[in-house]
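Before any comments, here is the structure.
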Amino acid sequence: MEDLLLYLTNGVVMGTTYALAALGVTLIVGIMGIINFAHGEFYVLAGYFSALFAQGAGLDPISSMLIAVILVFFVGLAVERTLIRPTYGDELYSLIITFILYIILQNAYLVIFGPFPSKPPNWVSGASNLFGLFYYGNQRLVSFAASAVLIALFMVVMHKTWLGRVIRSVAMDREMASMLGVNTARVNMLSFGLGCVLAALAGVILTPVFPVTPTVGVGVSLTAFVVMILGGLGSFSGCIVGGILLGIVENLGVGYLSSGYKHLFGFVILILVLFFRPTGFFGQKQI
């Protein structure tokens with residue numbers, strides 16, 4: 001029972017961060033209709049930035065995190081404006097562009113930062129006794145809390161604010177939104193930037209626990225895509241459920257079988273879900 005609770009706890013903690021990263025993919029797909037192969041690279045970039053500012057500039061971890069996320073937001077805006085916008089209307093071309101961007105960024109990280117793991121200092125230290133059965137790292141608990149708060153904030157923004165209504169209106173009917181005066185090109189750019197921010201937030205939250213390397217991004221992207229498909233294309237709520245489910249399945253599989261098959265467990269669940277429910281848990285055509 002102790003082991004089971006530990007695996008479930010770790011699954012929920014990891015799954016919440018998975019969901020945070022996957023929300024960025026869902027936002028970009030829902031608004032722009034493109035698959036961003038380089039999504040995980042923004043996670044890595046934020047991780048490197050936070051480590052660089054904390055260790056090189058001597059900033060505190062929170063300031064380093066905020067600066068890293070802001071910088072990634074502007075990088076995302078620049079990528080959309082210069083690389084993605086010219087591909088609108090050609091999904092295959094945009095897919096190729098983001099795949100090339102993924103390769104370029106991964107190799108750039110290798111050249112600039114080297115192959116060795118990099119991480120900023122932990123926000124907190126020590127461990128807490130959970131359920132009176134086992135000790136769990138405080139950094140992971142703080143990471144879970146931060147991810148949960150950010151997900152809740154994102155959902156409030158998307159469903160309760162003017163900005164969220166504008167973004168969702170473009171997702172539902174781009175032409176009608178344009179006729180009503182919405183600048184859809186600007187919404188696209190902002191949505192891509194926000195999608196990158198969600199990946200960056202996941203990066204700065206997890207990097208103190210799991211150091212980044214140049215090749216981490218591809219795993220992050222694949223995990224985010226799996227979560228998005230599990231939850232259903234265009235569903236923010238589905239992303240949250242899919243992320244937690246994937247986190248639990250992976251940790252149960254690692255705990256009772258082998259860590260060598262960690263990513264395989266997620267794809268097995270994905271195949272089963274698609275077989276019985278092709279649209280995912282909360283699949284819908286709009287967000």
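Any Cβ shown, glycine's included, is placed from N, Cα and C.
Residues annotated as transmembrane segment in TrEMBL: 12-35, 65-83, 95-116, 141-163, 184-210, 222-249, 261-282.
Using a Cβ-Cβ cut-off under 8 Å and counting only residues 6 or more beyond its ends in the same chain, the transmembrane segment (65-83) has close neighbours at 38, 42, 45-47, 49-50, 53, 59, 97, 101, 120, 188-190, 192-197, 199-201, 203-205. Most Cβ pairs under 8 Å with the transmembrane segment (12-35) belong to 222-249, among the candidate stretches 95-116, 222-249, 261-282. Beyond the ends of the transmembrane segment (95-116), by six or more residues, the same chain brings 34-38, 40-41, 44-45, 48, 79, 83-84, 87, 213-215, 217-218, 221 to within a C-beta distance below 8 angstroms of the stretch. Taking every listed stretch (141-163, 184-210, 222-249) in turn, the largest tally of C-beta pairs under 8 A with the transmembrane segment (261-282) is reached by 222-249.
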